[in-house]
Each structure stands twice: as C-alpha cells, then as structure tokens.
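S.K.: For 3-74, the entry in TrEMBL reads domain 'PglD N-terminal'. As annotated by TrEMBL, substrate binding site applies to SER10, GLY11, HIS12, ASP32, ASP33, GLY64. Marked as active site, proton acceptor by TrEMBL: HIS129. What TrEMBL lists as site 'Increases basicity of active site His' is ASP130. The feature acetyl-CoA binding site is assigned by TrEMBL to HIS138.
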Amino acid sequence: MKKLTIIGASGHGKVVADIASLNGYEEIEFLDDDRSISLCGLYPVVGTCMKASEIENDIFIAIGNANHRKKLFRMNRDKYLPILVHPDAVVAKDAKIGAGTVIMAGAVLNPGIKTGEGCIINTCASVDHDSSIGNYVHVAVGAHLCGTVTVGDETWIGAGSIVSNNVSICGGCTIGAGAVVIKDIKEKGTHIGVPARMMNELQKLRGGGILLDSFIYKVLTLYRQFHTAA
Ligand SMILES: CC(=O)SCCNC(=O)CCNC(=O)[C@H](O)C(C)(C)COP(=O)(O)OP(=O)(O)OC[C@H]1O[C@@H](n2cnc3c(N)ncnc32)[C@H](O)[C@@H]1OP(=O)(O)O
C-alpha cells in the first residue's frame, strides 16, 4: 500500500493530498507544527514536523515558503520524496522534473523543460519549451513562462504573471501577481507591474512603484503645462 506523510497542513497541503490520492496513495496523513490543527481536508494531522524522522512513509513537503521548504527538504533527504502530477496536467515526455515537485491540475510543461527539486507548478500555470527552473521555485496559479526562460532557485513567480521568451530571472525573487517580465532580472527582490520593475524600499514607502511612476508623471505634466502657459 502506498503511504504518504505530507508536511504542512495548509490549503496548499490539502491540494497536494488530493493529487497524492489521485496518484495512488491510499493512506495519507499530515504533520504540522501548529498543534491546534487535527484535520487537513480529509486527512488527519498526526504530529509535528520533527516526527518525520520516525516515519517510514514517503514524504512530501507542502510548505509555500521556499526557504522553509528547502530546510525541511534537506532534513528529509534520506526519505523518498515523490513527484506528484495531477492527471489533468500535461507534461512532455522528455520533461525532467526534480524530486518532491508537485504539478497541479491544468498545468502544462512543454518539451525540453527542466525543474529543480521541491518546485510547485500551480494550477493552470505553464512552463514552455526548453525553460529551466531551479530548486524550490513556485510558479503560481495561472502564471506563464514562455519558451527558453530561466528561473533561479527559490524564486516565486506570482499568480497570473507572464515571463517573455528567452528571459532569465535570478534566484531569490518574488514576481508580483499580474506582472509582465520582459527583460532579464539580475537583482533579487520583489518585481511588480507591466513591464515588471524592482519594488525597492523607497517605492514601498511611497505605496508601490506604480504610484511613484504616476506621481513623477503628474509632476512632469504640471511642469510642461506651466512652461507652455508662460
Ligand atoms: C493557490 C495560491 O493561492 S498561489 C498564491 C499566489 N499568490 C500570488 O501570486 C501573490 C503574489 N504577491 C504579490 O503580488 C504581492 O502583492 C507582492 C509580493 C508583490 C507585494 O506584497 P507586499 O510587499 O505585501 O506589498 P503591499 O501589499 O504592501 O503593497 C505595496 C504597494 O505595492 C502595490 N502592489 C503590490 N503588489 C502588486 C502587484 N502584484 N502589482 C502591482 N502593484 C502591486 C500595492 O498596490 C501597494 O501600493 P499602495 O500602497 O498604493 O496600495
């Protein structure tokens, strides 16, 4: 009988459990450090994350935060960490998928792609031909990587965002929901908007890069109007 212990009793964990059951796991249980949770979806929470060392089941790390996911992944390297693929995902025959990766319903992974370990390819996301994504990358719901895109370790590609073909994004980035990345991103941090730009501390204080841009635009417009009138 196939048995799976999932670390992380969250909404994400619930989806992972559903995919695991569709992948033939008959016995599923959760571990979570929040002792107040006893059930996640249809399955029991049987202990904290430390209990994983005593367990002989296959293990899946269902933690959204890339850094925590990496730590737990490393702590459980001696276990079998399966790849879970929803039956309604499309995965090319030659796709190379890293251990402990989940590919959710409606996702499309086209020929020549590679993922590292512990990745999340979320619902209806796509990774197009010859793209390569590092370890612990999350391609969120409905995000699309065009052909020959490279994404570094632990980067989070936000929901509904688009990365143009041949673009590289370094590790440790967060790409905001709905962003359109048209140029290489070489500096880690949060990048938002269309086209995507770095959201730096100053922009954060002023309410986001987009607002800062519109503020500068308004000042320039007033300056031009003043000079035209003079
Ligand atoms: C199954 C699942 O649920 S998978 C999960 C998928 N979820 C996602 O993809 C979410 C991705 N996260 C985001 O887009 C976030 O908004 C982030 C990480 C970019 C920024 O988060 P925070 O640092 O908390 O920023 P915060 O919410 O304080 O916003 C700061 C400013 O940036 C703006 N901003 C935030 N996110 C975006 C965005 N994606 N695009 C454009 N502007 C944005 C905000 O409007 C705000 O400006 P304001 O002060 O004028 O309102």
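Numbering starts at 1 and runs along the chain as displayed.
Keep in mind that glycine also has a Cβ here, set from the backbone N, Cα and C atoms.
Show me how these features fit into the shown structure, please.
M.R.: On the 0 to 100 pLDDT scale, the domain 'PglD N-terminal' (3-74) averages 97 in this prediction.
In this structure, SER10 (substrate binding site) belongs to neither helix nor strand by DSSP; it is coil.
When secondary structure is read from DSSP and collapsed to three states, HIS129 (active site, proton acceptor) falls in the coil class.
In sequence order, PRO111, GLY112, ILE113, GLY147, THR148 are the residues near ASP130 (site 'Increases basicity of active site His'), counting only same-chain partners six or more apart with C-beta under 8 A.
HIS138 (acetyl-CoA binding site) falls within a strand segment according to DSSP. Sequence-distant neighbours of HIS138 (acetyl-CoA binding site): residues of the same chain at least 6 apart with a C-beta under 8 Å from its C-beta are GLY64, ALA66, CYS119, ILE120, ASN122, THR155, TRP156, ILE157.
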S.K.: Give the residue from the binding-site residues GLY11, GLY64 that has the most other Cβ atoms within 10 Å of its Cβ, counting over every protein chain displayed.
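M.R.: Going through GLY11, GLY64 one by one, the largest Cβ count within 10 Å is at GLY64.
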S.K.: Counting distance between Cα atoms, which of the binding-site residues GLY11, HIS12, ASP33 is nearest HIS129 (active site, proton acceptor)?
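M.R.: Among GLY11, HIS12, ASP33, HIS12.
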S.K.: Using a Cβ cut-off under 8 Å and a sequence separation of 6 or more, which residues in the same chain sit near HIS12 (substrate binding site)?
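M.R.: Counting only residues 6 or more apart in sequence, the Cβ neighbours of HIS12 (substrate binding site) under 8 Å are ALA62, ILE63, GLY64, ILE120.
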S.K.: Looking only at SER10, GLY11, HIS12, ASP32, ASP33, GLY64, which the record lists for substrate, tell me the maximum pairwise CA distance in angstrom.
M.R.: 15
